[in-house]
Amino acid sequence: MNMKEISKVVDLVRESNPLVHNITNVVVTNFTANGLLALGASPVMAYAKEEVAEMANIAGALVLNMGTLRPEEVEAMLLAGKSANVNNVPVLFDPVGAGATSYRTEVARHIPAEIDLAIIRGNAAEIANVINEKWEIKGVDAGTGNGNVVSIARQAADELNTVAVITGKEDVVTDGERTVLIRNGHPILTKVTGTGCLLTSVIGAFVAVEKDYVKAVVAALTFYGVAAELAAVKTVEKGPGSFQIEFLNQLANTTSADIEKYGKIEELE
């Protein structure tokens, strides 16, 4: 997997304008939609149980995010996910805050048990808690703790039969056999709410157009990280408000040439 291959997926997303169905949380809906539009994808936010199965059927990818968790949204996620499975639409799951409460953890484990996932993405604590591995968590944004992140990612990929993505200072992508590290991004991303949730939806746009899911995720993470770096160069001294706006600009303006120039990936043995 080389940077030229990775960069081509960015162009493919913009050429294809994939429809990404998001059942996401109320905190990030606007930011997620604008980020996908800036990238060149088409977002739809459909939550009603009466329509989610039909909407998932016509989407290029389905993103399930449990940030603001309510029983009616869990029901909608299950309906949409099962419809997506029947119609070969890739399902992405973001188990926000898994491990923070017993209810949240129960849902985070129930969804992969009921739905075949193409991708699961979270921080190390979230992914560890989904597969019932011990990892301390404090709040929905906790990602630090003790443990081997690559090992946890590989275990999750094997147990859930999916591509596991753990994001943090370094991002880990694995299907249990191929494992890739991505070293792009900027710390200011953690000062803007919803950047992780948007990332999962951006990955959705990439897997909608590239069926090699490891390659698709690596391309999405590299693109996202490079866009953040370019935005930070212009705005980091001004603060997170300016960064958020410039980041949307860079999601629109970051090119495949930028990916080839600034992308930092490493394939592990």
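A Cβ is built for glycine as well, from the same backbone N, Cα and C atoms used for every other residue.
A C-beta separation below 8 Å, combined with a sequence spacing of at least six in one chain, links Gly194 (substrate binding site) to Val27, Val28, Phe31, Thr32. In the three-state DSSP assignment, the secondary structure recorded for Gly194 (substrate binding site) is coil. Annotation comment: Swiss-Prot describes Met45, Gly194 as substrate binding site, evidence class sequence analysis.
Taken from Swiss-Prot, the feature ATP binding site covers Arg121, Thr167, and the record attributes it to sequence analysis. Secondary structure at Thr167 (ATP binding site), taken from DSSP and collapsed to helix, strand or coil, is coil. Counting every protein chain shown, the Cβ of Thr167 (ATP binding site) has 27 other Cβ atoms within 10 Å.
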Rounding to whole Å, the Cα atoms of Met45 (substrate binding site) and Thr167 (ATP binding site) are apart by 24
